[in-house]
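Annotated in Swiss-Prot:
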{"type": "SIGNAL", "residues": "1-27", "note": "signal peptide"}
{"type": "CARBOHYD", "residues": "52", "note": "N-linked glycosylation site"}
{"type": "CARBOHYD", "residues": "144", "note": "N-linked glycosylation site"}
{"type": "CARBOHYD", "residues": "265", "note": "N-linked glycosylation site"}
{"type": "CARBOHYD", "residues": "337", "note": "N-linked glycosylation site"}
{"type": "CARBOHYD", "residues": "373", "note": "N-linked glycosylation site"}
{"type": "DISULFID", "residues": "395-446", "note": "disulfide bond"}
{"type": "ACT_SITE", "residues": "398", "note": "active site"}
{"type": "MOD_RES", "residues": "416", "note": "sulfothreonine"}
{"type": "DISULFID", "residues": "439-478", "note": "disulfide bond"}
{"type": "BINDING", "residues": "450, 452, 549", "note": "chloride binding site"}
{"type": "CARBOHYD", "residues": "481", "note": "N-linked glycosylation site"}
{"type": "CARBOHYD", "residues": "490", "note": "N-linked glycosylation site"}
{"type": "CARBOHYD", "residues": "507", "note": "N-linked glycosylation site"}
{"type": "CARBOHYD", "residues": "615", "note": "N-linked glycosylation site"}
{"type": "ACT_SITE", "residues": "624", "note": "active site"}
{"type": "ACT_SITE", "residues": "648", "note": "active site"}
{"type": "CARBOHYD", "residues": "667", "note": "N-linked glycosylation site"}
């Protein structure tokens, strides 16, 4: 762990480093696709599968500059000897099925009633489920097969040279690229057979149209009529002084609500700092919201949640008998506080939380049935699991740091549930952020990515501990061996295979003299061979068994993201969520983070059914991923606010020792629109070895 050095130069550097944002963005490729754009029949062409994990043509990490060179993915696969061996036609629908009717929810009954998007065969039989991957692509699950794709997009010639920087504006639009809704850029096929055998291949997919009248809205448009109808609610001055005075620039005048959180008042912003650069990019040139987005911003979600709900363009002035916000509730003297204060050197807190869940019904609980206050560890309750909070530095790795911390804590929670007793907790090294940063072909490295795709890599490839590939906050070359695909007869090797072991020539010698007493999980996972210990073999990798959006698909939060997220946290441990951070968030110190009337972009991404009911609650613009560990309630200015407890990735010097509280129950800045869960796998890799060892030692 890095030492804390309290010097003037260190503090100046820290102030510049802590506030990076687009380099922690979770919107990375210049694409935007919505659920309604993908509905209909798709033809999937599949290649052969093998035990080797393949990039299917992507670079590591995935790069925009590399992607645009592939203008025809189907042709690209064929030219690289990836012949198609089978074909499948599916129908992506906006109908829903119950999660419990498709997936095993025996140990997670709270998920059984989730409503997820259905996949049909050509005879209109339900064969699986699907989701958009935020707004970049989609994933289809049919039995033991998973098809993940990023949508095709290309520059339209209206802008300068192609770069790897994010080309989306603050409303999720771009003037520089066009997204295709009818074909994909990359497709990865994964098959999970019995006995944990995983096979991998590639696929190409394109929309099928039965008649010419169906061929419409194939591509996104950079300008539409709606963009001409905007409400000018803030100015465009991008001078630094106005950026620092962000409330005056961005939010409605006349906002008399007292602040719900405190800020630092001594932040030193240098012109060439990451803080200045980020604020200029995300907030100094923030565009006005389109009229449809302004309509959507007046309700909890972008889409109406029932047939009677209508869009309300009038801001509540507080002059009615109705509450100003559904999150402002009357003070209740009968609050139940179940926060635990266990010893951080043991699993005591996790065990007490687990025992508390055993006394509650297994079904999904209503909010009033859940504890008023609950946490898996935070500084306000003085029970943080560990002191050091990851500092992502000058790299947009928040999507990795957050998901891997949640994964680590869920490993600990799951071990407690399996062993059901108190024991010393030896998991004192974080999972390797750098492995995902350098080696993922789904995400864009320091330019950002999605926690959903981090989880996918954890399931398919496994993640070693940080000690084996330490975090450098740079896009180091992935140290995995790369070999040609067996079908690559012409030697081009454009489609690369990943072997599940680090190159013996990689720069690991510095770490060969590890004190294993300080990395107990490494000891449990290691084999006798020194070479195997310091090469990332199967036994040294932590696998995910399952992962998904909370609710079963993107935007499928049942019009009550608060409830389903609370249930998931309560049962299984921390989750990851994303939101759009305003400039005020950079200087957060304490309290409940909430900025009234912050112009947050969102869209309804689905058409209503005949009965006016929307199954999807829409797309929210987000730019930061964080961990949610619990929740609580706090009285501020005579009102009781509900909040989430979050863990950031900007080090201990930010916020409350690296943690923060954010408004709960109102989907503030999209916080309740796209959360994720991940489940550890104890049937293979390091998880299997550790569980068996601990069961033996504890006599289970």
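Placement of Cβ uses the backbone N, Cα and C atoms for every residue, glycine included.
Close to the recorded chloride site, the chain also has 131, 133, 134, 451, 453, 455, 554, 674, 676: residues not among 450, 452, 549 whose Cβ is within 8 Å of the site's Cβ mean position. Comparing Cα positions, residue 446 (disulfide bond) lies closest to 398 out of the recorded positions 398, 452, 549, 624, 648. Nearest in space to residue 395 (disulfide bond), taking C-alpha to C-alpha distance over the recorded positions 452, 549, 624, is 624. Reported as a whole number, the C-alpha separation between residue 439 (disulfide bond) and the residue listed as 'sulfothreonine' equals 31 Å.
The Cβ of residue 144 (N-linked glycosylation site) lies under 8 Å from the Cβ of 191, 192, 193, each of which sits 6+ residues away along the same chain. In the three-state DSSP reading, residue 549 (chloride binding site) counts as strand. Ranked by CA distance from residue 478 (disulfide bond), the recorded positions 52, 373, 398, 416, 549 have 52 at the top as the closest.
In space, 373 is the closest of the recorded positions 52, 373, 450, 615, 624 to residue 416 (sulfothreonine), judged by Cα positions. Closest in space to residue 615 (N-linked glycosylation site), of the recorded positions given as 398, 450, 624, is 450, taking the CA atom of each residue. Checked against residue 373 (N-linked glycosylation site), the recorded positions 398, 450, 452, 624, 648 differ in C-alpha distance, with 648 being the nearest. Nothing from the recorded positions 450, 452, 549, 624, 648 places its Cα within 10 Å of the Cα belonging to residue 52 (N-linked glycosylation site). Here the Cα atom of residue 450 (chloride binding site) is found 16 Å from that of residue 648 (active site).
Remark: residue 549 (chloride binding site) has 131, 452, 556, 674, 675, 676 as non-local neighbours, by Cβ distance under 8 Å and separation of at least 6 in sequence. The 10 Å shell around the Cβ of residue 667 (N-linked glycosylation site) contains 26 further Cβ atoms across the protein chains shown. Nearest neighbour of residue 667 (N-linked glycosylation site) by Cα distance, taken over the active-site residues 398, 624, 648: 624.
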